[in-house]
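Listed features, source TrEMBL:
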type	residues	note
BINDING	48, 89, 178, 210, 307, 311	1D-myo-inositol 1,3,4-trisphosphate binding site
BINDING	124, 167, 199-210, 225	ATP binding site
DOMAIN	126-336	domain 'ATP-grasp'
BINDING	290, 305	Mg(2+) 1 binding site
BINDING	305, 307	Mg(2+) 2 binding site
Ligand SMILES: Nc1ncnc2c1ncn2[C@@H]1O[C@H](COP(=O)(O)OP(=O)(O)OP(=O)(O)O)[C@@H](O)[C@H]1O
Ligand SMILES: O=P(O)(O)O[C@H]1[C@H](O)[C@H](O)[C@H](OP(=O)(O)O)[C@@H](OP(=O)(O)O)[C@@H]1O
Ligand SMILES: [Mg+2]
Ligand SMILES: [Mg+2]
């Protein structure tokens, strides 16, 4: 924790005298703690910085004694700070190495989130395996081979029903890793671009639920999604249809006039259980889960995607949720709760 800007010391001796003179009564000490700054070093792309670190977040953070300090990627990380928290979302092996070294030398700093945990959801196979292990409905197949010619055999053996959604196996933030396509018949499967994950396309009424997890907080928003594929369309459609990036850019469906059976949010107990289990299994505190409800059912839900450090600014009141989360991380450190498992 850092002293706030109001208290300045000319030299170390005066600082030592002050620290010795602080009477240890809890009231004063806790007030002192309250006034100390929480320093968050951040390593984000300029695009992410612009979308996430909005003035309303920085302003509220300042009022709560939290400062965001940009990490200079051209200088040694250990020469910067000191930080209470390092918040990051950068790709590349070099950054992961730098961060792992830093974590070894600075166990007192909370890293949001640990690089290994992030890598786990950057592979759609390991991402979805954690969901499958929860015995939640899932219907997908993995195709790791380079040669697409045996995709039809894998699909035939997996029992997946057409149409299928084909997704690049690796998520690396590039546009290519979000290039999804719909395969309507078996003969086009060998035209797909492996390695990839194949999921059954599940009709879900054109609306999906984005469940944002920020520490213990859970916020659900509705988002427009791909439209249902009718039986007639299925009979008349052939080949592979590549579709543009959908959910992150799609407009919110929260205020749309929707069929209540489509719009009804997933039950809170299911979301609480899912969030608790995935926090534990993934070792992440900042992520979202894309959930769809099979159209025509009440409670047949599918988790189709998990995203690390998603577009939190799309969540109403995100600045309050995020600053409270940051404070809880540091308070848990002082009180010794296990919440901070960085
Ligand atoms: N199994 C599925 N059934 C029906 N629709 C699907 C399925 N998988 C994906 N979609 C549709 O495609 C969209 C994008 O899928 P997904 O979220 O897996 O891709 P992504 O590249 O990880 O997107 P982002 O990370 O931006 O959320 C979903 O929001 C949904 O509209
Ligand atoms: O609508 P959301 O918040 O889900 O959109 C996210 C998206 O899910 C991914 O997390 C994106 O990250 P990448 O997978 O690395 O592309 C986010 O982009 P970002 O620039 O905000 O990190 C979307 O916001
Ligand atoms: Mg998604
Ligand atoms: Mg995704």
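Placed from the backbone N, Cα and C atoms, the Cβ positions cover glycine too.
This view paints the features noted in TrEMBL onto the structure.
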{"residue": "48", "record": "1D-myo-inositol 1,3,4-trisphosphate binding site", "contacts (Cβ under 8 Å, 6+ apart)": "89, 309"}
{"residue": "201", "record": "ATP binding site", "contacts (Cβ under 8 Å, 6+ apart)": "162, 163, 164, 165, 182, 226, 229"}
{"residue": "203", "record": "ATP binding site", "contacts (Cβ under 8 Å, 6+ apart)": "228, 229, 294, 295, 296"}
{"residue": "205", "record": "ATP binding site", "contacts (Cβ under 8 Å, 6+ apart)": "228, 258, 259, 261, 262, 293, 295"}
{"residue": "207", "record": "ATP binding site", "contacts (Cβ under 8 Å, 6+ apart)": "222, 223, 224, 225, 253, 256, 258, 262, 263"}
{"residue": "307", "record": "1D-myo-inositol 1,3,4-trisphosphate binding site", "contacts (Cβ under 8 Å, 6+ apart)": "121, 171, 287, 288, 290"}
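Cα of residue 209 (ATP binding site) to Cα of residue 178 (1D-myo-inositol 1,3,4-trisphosphate binding site): a span of 18 Å. Only 305 of the binding-site residues listed as 207, 210, 305, 311 bring a Cβ under 6 Å of any atom of ligand 1; the order follows the sequence.
Calculated from their C-alpha atoms, the gap between residue 305 (Mg(2+) 1 binding site) and residue 199 (ATP binding site) amounts to 11 Å. Cβ contacts within 10 Å of residue 225 (ATP binding site), excluding its own Cβ and spanning all protein chains shown: 20. Residue 124 (ATP binding site) falls within a helix when secondary structure is assigned with DSSP. The average pLDDT for the domain 'ATP-grasp' (126-336) in the predicted structure is 90. Residues listed for 1D-myo-inositol 1,3,4-trisphosphate, 48, 89, 178, 210, 307, 311, cover a largest CA to CA span of 20 Å.
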